[in-house]
Amino acid sequence: MATRLRSVLSKHANKAAAAVAATTATSAAAVTLLSDDVVHPLHLPWDHTGLLSSYDCASLRRGFQVYRQVCATCHSLERIHYRELVGVTHSTDELVEMASEVDVVDGPNDEGEMFERPGKLTDPLPSPYANEEAGRAANGGALPPDLSLMVKARHSGQDYLFSLLTGYCDAPAGKPMMPGLYYNPYFPGGAIAMPPPLNDGGVDYEDGTPATISQQAKDVVQFLNWCAEPEADTRKKQAAQYMLVIGFTALMTGYYKRFKWSPYKTRAITYVK
Ligand code: HEC
């Protein structure tokens, strides 16, 4: 992925250079480019988007680690339950232990009281804030959205998320930035309330993969893609099976038709007076 990513990036750099050359030639094109308040994300060659390709489980495991250690401070992932991660990122025992570290409010009990108990596999992942207002209050008025379906909720889903996470840079001269907002050209308007979440070496991957910003972004985006579409692998496998069966049925139907029709098609009719 890394080498393919690099080749796409260098191709894009050439395109960008060509675009700059073209815009200096035609001012109309320059106006169109500049009047857009957002940079469109690169199209990246994700490993899991092919018809016959599946998610990279090692990457999903690393992505879940990035989510838990970085994004979970601010973002919930409320549609995902621990049990759904079994066999995808971790084993049952690892997840039972991970879930039991969280205190979940349950109840009411026989006396009508709510009580806390250790988490179970059937619990959803814990949310960082009790409610929307608490989330806004902790983030200068901006609510960190739930990430479960985020890949589906934005144009160019995973490409946008990758570009957003890796695209923070200094605001260009003349762009006023309000306090508490950060410049990110991929976010519509350019000013986002999310501080740059990823740092080189920000997490310690247990498989020894170097935790660069782009590696963490790739892993967490692939993980969020799985969250939005956990059934993708099964769906592709079943589609391949259906296509095989349908292809075989089509062949057999063709053969059957020819077999049945062959006496009629090959007979010679002669009329004798
Ligand atoms: C310090 C808190 C914080 C952390 C940590 C954080 N975010 Fe955010 N995030 C926010 C806030 C606040 C917003 C809302 C930004 C806005 O509306 O301006 C946001 C928005 C987003 C959005 C939506 C952008 C859009 O197009 O609306 C995505 C996607 C996102 N975060 C992904 C992530 C990922 C992935 C991580 C972990 C690598 C992460 N965030 C870590 C606070 C955080």
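Heads up, the Cβ atoms here are built off N, Cα and C, so glycines get one too.
Among the candidates Met177, Met178, Met194, the residue that TrEMBL annotates alongside Cys71, Cys74, His75 as binding heme c is Met194. Each of Val70, Ala72, Thr73, Pro144, Leu147, Pro197 belongs to the same chain as Cys71, Cys74, His75, Met194, is absent from that list, and has a C-beta within 8 angstroms of the C-beta centroid marking the heme c site.
Taken through DSSP, the domain 'Cytochrome c' (58-159) splits into 42 helix, 12 strand, 48 coil. Put simply, the two farthest-apart Cα atoms among Cys71, Cys74, His75, Met194, the recorded binders of heme c, are 11 Å from each other.
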